[in-house]
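Structure, as C-alpha cells:
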Amino acid sequence: MSMPDAMPLPGVGEELKQAKEIEDAEKYSFMATVTKAPKKQIQFADDMQEFTKFPTKTGRRSLSRSISQSSTDSYSSAASYTDSSDDEVSPREKQQTNSKGSSNFCVKNIKQAEFGRREIEIAEQDMSALISLRKRAQGEKPLAGAKIVGCTHITAQTAVLIETLCALGAQCRWSACNIYSTQNEVAAALAEAGVAVFAWKGESEDDFWWCIDRCVNMDGWQANMILDDGGDLTHWVYKKYPNVFKKIRGIVEESVTGVHRLYQLSKAGKLCVPAMNVNDSVTKQKFDNLYCCRESILDGLKRTTDVMFGGKQVVVCGYGEVGKGCCAALKALGAIVYITEIDPICALQACMDGFRVVKLNEVIRQVDVVITCTGNKNVVTREHLDRMKNSCIVCNMGHSNTEIDVTSLRTPELTWERVRSQVDHVIWPDGKRVVLLAEGRLLNLSCSTVPTFVLSITATTQALALIELYNAPEGRYKQDVYLLPKKMDEYVASLHLPSFDAHLTELTDDQAKYLGLNKNGPFKPNYYRY
C-alpha cells in the first residue's frame, strides 16, 4: 500500500518551491565553478634517491616531499605555512632568519614555527614528568655550562626534551638521526626559539651528514656532551673530529644500534670517554621498546597500506622487547604471527606466548607481511625478496636501514613505483610487486607517530643520564659503557605514576630490614629481570 504524498501546510508550499529553486541555482553555480577549476597533476619523482653514494648538488631534492606530504605537513600546508617553491629549493640553499635575526639553523621553512609551537605545547600536556623535572631542577641549573650536540628524531616529543635541557642550563645544537622522521614544523619552532637545529623531512644522505657536520663543526663552540640515537653522530666525530673528544665528558646513547657500536669501540679499546647505555635501562626497554612499538606498529601499517590484519600471515624477525610489542598488537587483531629468532631464550618466550618460531626461508613464500626488529644487518636478503608472494608488505621497526637489503633492489631489472608517501612498489619482471615501506627505515617515526606519554619516560631517562654524566666527579666513570643507576630508573618511573593516580605502598622499618633494603630504594638488585 503506497503512502499519499505529504501535504504542505497552508501558505508554505509556494515558499518551499521558491527555496528549492534558489538551492538548485546555488548548487549548479557551485558545480560550474568547480568544473572550470584546473585540475592539479600529482607530480611523481622520475628518479629514486640513491643512498649507496653521495648525490650531487642537484640530487639533494627531498624525495618524500616532492611526491607527497606527511600527515603533519598537510596541516601546515593548509594553513599557508608553505608554498610550492619549498619543494623545489633545498633548505641548504635558502637564506632564512628567525624573528630574533638569527640564521644559525637550517630547516624546511621557518614560517612553520607557529604551528610547530602548538605541536610542542600539545606534547607537553602528556609529558608532565619531564615538565616536572624541568621545574624541580630549573633553579639549580644542573646543566649550566653543558654544550650538548644531539642527533635524534626531531619530533614534538624530543622538542620538549631539548627545551628542557636548555631550561636546565645547556646550550644545544641538533640534527636528525633519520632522514624521514623530522617534523618540519617542530624543527622550525625550535629554530625560532633559538636552538641551532639542522634537519628537515626527506633529507638526502648528503644532507644527513652535512647537518651532523654543521652541529659539530662550529667556530667558537665546542661540544662537551653527546646525545645520540643510532651512533651516527658519535661515528662522525670519531671519523672527522677526533680532537673534539678531548672535551667530551660523556655520551648518552638510546638505541640498540648505537649501543652495539659503542660496545664495539670499547672492546677495541677506542672508546675514549664514558658512555651511558640508555637503551638497556629498564625504563627504556620495558616501556618505550615494548609499549611504544605495540601501539605504533599498527598505526604505521594502517596509514601506509590500509591493510586489514585479521587472518593475515605475518613474520616478525626478532622477539626482543620491540618484537614482543609488535607481535602482541598483531595477534590481538587476529593476525597469524610467526617469529624468527637466534636466541633460544627469546625463542622459548615466543613459543610460550603462543607463536610459532620458524626460519624465514620456511615461511617467506606464504606470508603477507614481513617486519624486522633485530638491529642486525641483511636480515631480509635479496633471495628472500625474490621469493616473496605478490603484494607482500616489507617494513622495519629497528633503528637503522640495514635490516632489509634495500641496496640489492636498486638494479635495472626491477622497477620502483612510488604510490604514496613512504610507500614504494618494487616490481619484478614478471609483474610481482613487493610493497616496501619507508625504504627500509624505521616505520613508526617515518610513517606515523608514537605515543607521547611513553616517549616522556625515555626523554626523562635521557635527561637524567646527561645530568649524571655531566656532573659526575672525576673517576666515577671510566672509558667504558655504563647502565643508568637503578635509583634513577626508579625515579623516572615515580615521576610518571601521578598521571595514573597511582599510590605506592611504603615498607615498614621491619620489612625493609627483613629484605635488606633501604626504605627509599633501590628496591631491586642490578641483576633483577623485570
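Glycine residues also receive a Cβ, built from the backbone N, Cα and C atoms like all the rest.
Feature region 'PDZ-binding', per Swiss-Prot, maps to range 520-530 of the set 36-46, 498-508, 520-530. Record note: Swiss-Prot gives THR155, GLU254, LYS284, ASP288 as substrate-binding, and the candidate from ASP229, ASP232, ASP306 in that site is ASP229. Annotated NAD(+)-binding residues in Swiss-Prot are GLY318, TYR319, GLY320, GLU321, VAL322, GLU341, MET397, GLY398, HIS399, and among ASN277, ASN361, ASN376, ASN471 the one listed with them is ASN376. Within the list SER74, SER103, SER281, the entry that Swiss-Prot describes as phosphoserine is SER74. In summary, of the candidate residues SER391, SER448, SER494, the record from Swiss-Prot lists phosphoserine for SER391, whereas the others have no such entry there. For the annotation phosphoserine, the record in Swiss-Prot points to SER68 among the listed residues SER62, SER68, SER85. Residue counts for the region 'Interaction with BCL2L10' (138-201) under DSSP, split into helix (H, G, I), strand (E, B) and coil, are 22 helix, 15 strand, 27 coil. Sequence-distant contacts of the region 'PDZ-binding' (520-530), counting only residues of its own chain at least 6 positions beyond either end whose CB sits under 8 Å from a CB of the stretch, comprise 282, 286, 483, 485-487, 490. Closest to VAL322 (NAD(+) binding site) in space, going by CA atoms and restricting to the binding-site residues THR155, GLU254, LYS284, is LYS284.
Comparing CA positions across the recorded positions THR155, ASP229, ASP288, SER391, the one lying closest to ASN376 (NAD(+) binding site) turns out to be ASP229. When Cβ neighbours within 10 Å are tallied across all protein chains shown, the highest count among the recorded positions THR155, ASN376, SER391 belongs to THR155. Cα separation, SER391 (phosphoserine) to GLY398 (NAD(+) binding site), rounded: 22 Å.
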